[in-house]
């Protein structure tokens, strides 16, 4: 994607998020790579060094726990002391301003919580807790597991019953925790915007979540460095680094909310006619520009009544109507929308200055 295409997509997606009521985010390993934590499926990912069915299957853990701990030792060393990324903090900001209902994460690194996010479903468990597969004992992994563990010698054992200890993470062949699984599907089903960040969508059931959201009429967006098998399901696919894209999108969301085109449905929009670039535009053109500003792609506003006061005010009363625009239409209207937003911003500032 070109820089211009990325910019337009970020703005368009941000407009939709600014109006959304139930934004749900699914994150994968890609969001934590810039923190120094390796992903799993890229060219240099963990699965290139550790065959998942050998090192990360539940059956193999029971029979050869030293294989699991060899891989886990590297992962624990990589995650120790790591801090949240810009993307993690940007998601926390969305939660703070009331625009994020839930984060569903495939990661076990605890970085969302360290960033301050509270609404987090850890679908695949957490590396901060360890548990005994025999008696069910649970404890803080940093306390229970020894530092400098030698996998072939120091097989962690339960302090209560002597059974095998594993990190509280879901291995291949192991069922997800029912409560987390059900909650993830519930929030995905009820979402109106479903955003996937840094996930290859190769693992079930996580890869079913965006499709579930789509089936229930949510706007689905993928932000990832590489393609996925499910790109065709998405309304938006934006290629790039999450540390660059997510803060940018959140910035635009805040801007649109401050301009009043966010949470509230706009029934009436008024602004001084002198701030329209060409005062001789027809009413139809003015309305088209305002429609683009309110939000392209998902909803177009059908004009019911247009009143023009030739001296100062253009007032447009509108109602919702479903519509999908072409890429060219979106680009053209986005450009026009940006001009109108800047003009409205300037008019607001001018009024504030005049009042002061």
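Here the Cβ of each residue, glycine as well, is placed from N, Cα and C on the backbone.
Per TrEMBL, the feature domain 'Deacetylase sirtuin-type' maps to 3-263.
Within 10 Å of the C-beta of residue 124 (active site, proton acceptor) we count 20 further C-beta atoms, all protein chains included. For 124, the entry in TrEMBL reads active site, proton acceptor.
Over all protein chains present, the Cβ of residue 158 (Zn(2+) binding site) has 19 other Cβ atoms lying within 10 Å. Residues annotated as Zn(2+) binding site in TrEMBL: 132, 135, 158, 161.
According to TrEMBL, the region 'Disordered' annotation covers 321-356.
Cα to Cα, residue 124 (active site, proton acceptor) and residue 132 (Zn(2+) binding site) are separated by 17 Å. Neighbour density around each Cβ, counted as other Cβ atoms within 10 Å, peaks among the binding-site residues 132, 135, 161 at 132.
Note on the domain 'Deacetylase sirtuin-type' (3-263): mean pLDDT across this stretch is 87. What surrounds the Zn(2+) site, by Cβ distance within 8 Å of the Cβ centroid and not counting 132, 135, 158, 161, is the set 133, 134, 136, 137, 159, 160, 162, 163, 165 from the same chain.
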